[in-house]
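Q: Provided herewith is a single structure, encoded as structure tokens, for subsequent inquiry.
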Amino acid sequence: MKIALLGYGKMGKSIETIALNRNHTISLIVSDSNSDYDFSNSDVAIDFSIPSVAVSNIKKAIDAGIPVISGTTGWLEQYQDVLDYCNSNNGTFLYASNFSLGVNIFFELNKRLSELMSNTSEYTTEIEEIHHTQKLDAPSGTAITLAEQIIENTEYTNWTLDEPKPNEIHIEAKRIENVPGTHEISYNSEIDSINIKHTAHSRQGFAMGAVIAAEWIKDKKGVFSMKDVLNIG
Ligand SMILES: NC(=O)C1=CN([C@@H]2O[C@H](COP(=O)(O)OP(=O)(O)OC[C@H]3O[C@@H](n4cnc5c(N)ncnc54)[C@H](OP(=O)(O)O)[C@@H]3O)[C@@H](O)[C@H]2O)C=CC1
Ligand SMILES: O=C(O)C1=N[C@H](C(=O)O)C[C@H](O)C1
């Protein structure tokens, strides 16, 4: 498979290593310095860039008829626009706030725990995420997905980085040198606490998941998620 890499930073480079090990080739590398590019020799595009350019990168791939997967976070207010664009142009698109198998299993645990908590009023819920200091967005896309899952199953209606109101889940976003990505959900009452936590030890799980998603999506049409790829949940 010939892969176009949209973004060649920490993730783009990790994806390149894994893709080459799986006998794929890299047909195009796009970074800030070469934004005038075309997809003429590519089978699939993988976007791990920056929030301000992700949407134009994704739409450009759809225009070229190339299936595109994106892991870039921090642009989700435009997600519906991208879905509509993909569907109306008969394109192929997959976004995941987190491509690792472990976090996608963790998402299922989070859903189940929030379902179990749906009828209890004793517990308050908090999310903590920790990432490296170069991260541009806060909270992480993964923390937003976790919060949205809890909101779907409980009385909470919003998440906030600030002091929470009773209907808001507090997300604490910490930035510490070299942390690849840690997410913890806590339910706290007077009596006890329940915590679930995922710790990434490197970027390998994210990059492997992205390559597996690209292999899976190559000949498909439509909008997909990692649930479709991993067949879990
Ligand atoms: N969904 C998931 O599983 C994961 C998602 N992420 C997300 O992926 C994104 C990238 O993360 P990471 O690799 O760590 O970030 P980096 O900052 O290391 O890399 C970002 C890259 O984007 C490039 N870039 C800048 N402008 C453009 C442009 N116009 N077109 C294409 N690329 C451009 C930068 O190029 P230059 O170097 O020239 O400035 C840089 O190489 C982030 O949003 C992060 O949150 C990260 C890990 C996992
Ligand atoms: O920027 C990162 O590094 C990561 N970003 C993703 C997010 O925002 O959730 C996924 C992962 O946690 C690493």
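The backbone N, Cα and C atoms fix where each Cβ goes, glycine too.
Just so it is clear, the model here is predicted, and its values are computed rather than measured.
OK, TrEMBL features for this one:
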- 1-99: domain 'Dihydrodipicolinate reductase N-terminal' (DOMAIN)
- Asp32, Gly71, Thr72, Thr73, Ala96, Ser97, Asn98, Phe99: NAD(+) binding site (BINDING)
- 102-230: domain 'Dihydrodipicolinate reductase C-terminal' (DOMAIN)
- His131: active site, proton donor/acceptor (ACT_SITE)
- His132, Gly141, Thr142: (S)-2,3,4,5-tetrahydrodipicolinate binding site (BINDING)
- Lys135: active site, proton donor (ACT_SITE)
Q: Identify which of the following recorded positions, namely Asp32, Thr73, Phe99, His131, His132, place a Cβ less than 6 Å away from any atom of ligand 1, and list them by sequence position.
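A: Cβ under 6 Å from ligand 1: Asp32, Thr73, Phe99.
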Q: Can you go through the binding-site residues Asp32, Gly71, Thr72, Ala96, Phe99 and pick out those with a C-beta less than 6 angstroms from ligand 2?
A: none
Q: Write out, in the order they occur in the sequence, the residues of the chain not among His132, Gly141, Thr142 that have a C-beta within 8 Å of the mean position of the C-beta atoms of the recorded (S)-2,3,4,5-tetrahydrodipicolinate site.
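A: Along the chain, the qualifying residues are Thr73, Ser97, Asn98, Glu129, His131, Lys135, Asp137, Ser140, Ala143, Gly181.
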Q: Return the count of C-beta atoms lying within 10 angstroms of the C-beta of Asp32 (NAD(+) binding site), excluding that atom itself.
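A: Asp32 (NAD(+) binding site) is surrounded by 11 other Cβ atoms within 10 Å.
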Q: At the level of the C-alpha atoms, what whole-angstrom distance separates Lys135 (active site, proton donor) and Gly71 (NAD(+) binding site)?
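A: With the alpha carbons as reference points, the distance is 13 Å.
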Q: Looking only at Asp32, Gly71, Thr72, Thr73, Ala96, Ser97, Asn98, Phe99, the residues listed as binding NAD(+), what is the longest Cα to Cα distance in Å?
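A: Taking every pair among Asp32, Gly71, Thr72, Thr73, Ala96, Ser97, Asn98, Phe99, the longest Cα gap is 23 Å.
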Q: If you count, for each of the binding-site residues Gly71, Gly141, the other Cβ atoms lying within 10 Å of its Cβ, which residue has the minimum?
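A: Comparing Cβ neighbour counts within 10 Å for the binding-site residues Gly71, Gly141 gives Gly141.
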Q: Return the residues near Ser97 (NAD(+) binding site) by Cβ distance under 8 Å, restricted to its own chain and a separation of at least 6 in sequence.
A: Gly71, Thr73, Ser140, Gly141, Thr142, Ile144, Thr145
Q: Sort the residues of the domain 'Dihydrodipicolinate reductase C-terminal' (102-230) into helix, strand and coil with DSSP and give the three counts.
A: 48 helix, 36 strand, 45 coil
Q: Measuring Cα to Cα, how far is Asp32 (NAD(+) binding site) from the residue listed as 'active site, proton donor/acceptor' in Å?
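A: Here the two Cα atoms lie 23 Å apart.
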Q: Would you kindly give the Cα-Cα distance separating His131 (active site, proton donor/acceptor) and Asn98 (NAD(+) binding site), rounded to the nearest Å?
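A: Per the Cα atoms, Asn98 (NAD(+) binding site) and His131 (active site, proton donor/acceptor) stand 13 Å apart.
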Q: Could you pull the average pLDDT for the domain 'Dihydrodipicolinate reductase C-terminal' (102-230)?
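A: A mean pLDDT of 97 is what the model gives the domain 'Dihydrodipicolinate reductase C-terminal' (102-230).
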Q: Look at the recorded positions His131, His132, Lys135 and tell me which residue has the greatest number of other C-beta atoms within 10 angstroms of its C-beta.
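A: That would be His131, with the highest Cβ count within 10 Å.
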Q: In whole Å, how far does the CA atom of the residue listed as 'active site, proton donor/acceptor' lie from that of Ala96 (NAD(+) binding site)?
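A: Ala96 (NAD(+) binding site) has its Cα 17 Å from the Cα of the residue listed as 'active site, proton donor/acceptor'.
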